[in-house]
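Below is one structure, written out as structure tokens, with a few remarks after it.
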Amino acid sequence: MESLNALLQGMGLMHLGAGQAIMLLVSLLLLWLAIAKKFEPLLLLPIGFGGLLSNIPEAGMALTALESLLAHHDAGQLAVIAAKLNCAPDVHAIKEALALALPSVQGQMENLAVDMGYTPGVLALFYKVAIGSGVAPLVIFMGVGAMTDFGPLLANPRTLLLGAAAQFGIFATVLGALTLNYFGLISFTLPQAAAIGIIGGADGPTAIYLSGKLAPELLGAIAVAAYSYMALVPLIQPPIMKALTTETERKIRMVQLRTVSKREKILFPVVLLLLVALLLPDAAPLLGMFCFGNLMRESGVVERLSDTVQNGLINIVTIFLGLSVGAKLVADKFLQPQTLGILLLGVIAFGIGTAAGVLMAKLLNLCSKNKINPLIGSAGVSAVPMAARVSNKVGLESDPQNFLLMHAMGPNVAGVIGSAIAAGVMLKYVLAM
């Protein structure tokens, strides 16, 4: 009988809490969206599966060594940790003390837990290597750079302003998060508000990179929101685009883009990096990897490396990045009022970014001989190439012979640059406070 009781107690079902059950359903929903609806499957599938692994009771796959120690509830071990942190020897008090402790102190407590015989779960290790170090988003940005053609942007430099205008959604969302906090509706710190704001850039790797630096506790919710809304761009953007433009404006035909020389394409990533990084060093990691990837593509002398970065390397890193994000889909971090705020602010950020790009195009038309079709302004959010395809699709609805895809790629790649610069601004000024 005792053996049967021990067997039952060892089953995960006996320890399944309500929060874990909800998160298992959320993870299954992400898998369904990825497989059945094809919503950003390259990221949502590993994120969803990582969420399943993270919420299996007693498995501890997403727990660090210190979190495993706290989950074990050994009074003697808790007393040792509490003595180091000068707090009461209970789990709640220790967690509060750790939240206020310096990263160096948190690292010391993690090492102490390892010395006591605890080991981090495999997903926790993935997170530490892939996101905690910042490596995975940077490698993906390198791959994105290798797949990006700056030709449309160089052929029509004015579209850089459209990409810049679309970043207004990022900063408006930061203000929105701080406003919610000010009125006591949902509590957000400045670093958390900055991490949420980057959702407005529609750039998943940048959102993950910035969240990992500023608000790791919100990483799961921010990543899910960012990639979900990127997949919903064809639903979110068209109503805004049509509301802000007239039928005549949507029929504007733009002049044919000029041919961009190979020399221009080679020089651009180098000049871009130097100009931005010398003025804003905090943007150098993201923009540096992006420009390096693009230089490999355009130089034509390292095709093997360029091909590897565009395919094998980015695919491998995407797997570990997705599983690492899934490690943060745990009940105590995800099932919070903040998650609802993140989802709400995320869609508002997309809307503001889209509107700002369209309105900037209309503003440029007031002082320009060669008119810009305002529809391409919505492509300033950096969901590449989906936002550009949406601009083209809406344009074709008004004029079946008006192909805007290549014109829209200009602000689209400008949006990638803009989101990286915006992330650098956030890092510089938020971490300095």
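Quick reminder: no glycine exception, Cβ is built from N, Cα and C everywhere.
Remember, TrEMBL labels are computer predictions, not curated facts.
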Exercise for the section: Looking at the candidate ranges 101-124, 125-148, report the one that TrEMBL labels transmembrane segment. Expected result: 125-148
Problem - Listed stretch, out of 125-148, 266-292, 312-330, 342-361, 413-431, that has the most CB pairs under 8 angstroms to the transmembrane segment (160-183) - result: 342-361
Completion exercise
Same-chain residues at least 6 beyond the ends of the transmembrane segment (12-35) with a Cβ under 8 Å from one of its Cβ atoms are 41, 44-45, 47-52, 54-59, 224, 228, 231, 326, 329-332, 334-335
Problem - Positions on the same chain near the transmembrane segment (342-361), where near means CB under 8 A and six or more residues out - result: 161-170, 172-173, 176-177, 180, 196-197, 199-202, 218, 221-222, 225-226, 229, 233, 236-237, 240-241, 244-245, 372-381, 411
Fill in the blank from the handout: With the cut-off at Cβ under 8 Å and a gap of six or more residues from its ends, the chain residues touching the transmembrane segment (125-148) are 62, 205-206, 208-209, 212-213, 216, 219, 269, 285-286, 289-297, 306, 309-310, 313-314, 317-318, 320-321, 323-325, 327-328, 384, 413, 416, 420
